[in-house]
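Visitor: Sharing a structure here in structure tokens format.
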Amino acid sequence: MTYVVTDNCIKCKYMDCVEVCPVDCFYEGENMLVIHPDECIDCGVCEPECPAEAIKPDTEGDLESWLKLNADYAKTWPNITQKKDAPSDAKQWDGVSGKLEAHFSPNPGSGD
Ligand code: SF4
Ligand code: SF4
């Protein structure tokens, strides 16, 4: 198994998760992060750190498409290990539904 980043990270991207990961397996897109499923050691430390509750264990069910998205973009987006400032409008987007369809960006972030 692995942990995966899901919809509510999009445009929230608070980044509290990256600093606690013992194996630095977060990768940064323009407006969300993903976890590399082959690098994640399933420790679960990041899950309660996410203020947006966007991180889930892939055993939770119905997360296959998110697992694929995490795996695909972890290959091309840059690694991120240090927290940056959240977007100024992050609070406004927290909890908005359907962000994948409307707001997901395949562009990479800037990484560390
Ligand atoms: S803490 Fe949650 S919302 Fe913030 S970047 Fe990490 S997964 Fe995304
Ligand atoms: S579960 Fe552990 S290893 Fe996996 S992304 Fe979260 S903090 Fe990193």
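Cβ coordinates are placed from backbone N, Cα and C, and glycine is handled just like the others.
Pulled these from TrEMBL:
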- 1-30: domain '4Fe-4S ferredoxin-type' (DOMAIN)
- 31-60: domain '4Fe-4S ferredoxin-type' (DOMAIN)
- 82-112: region 'Disordered' (REGION)
- 82-92: compositional bias 'Basic and acidic residues' (COMPBIAS)
Visitor: DSSP-wise, what's the residue breakdown of the region 'Disordered' (82-112) into helix, strand and coil?
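Guide: Across the region 'Disordered' (82-112), the residues distribute as 9 helix, 1 strand, 21 coil.
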Visitor: On the 0 to 100 pLDDT scale, where does the domain '4Fe-4S ferredoxin-type' (31-60) sit on average?
Guide: 97
Visitor: When DSSP states are grouped into helix, strand and coil, how many residues of the domain '4Fe-4S ferredoxin-type' (1-30) land in each?
Guide: 6 helix, 7 strand, 17 coil
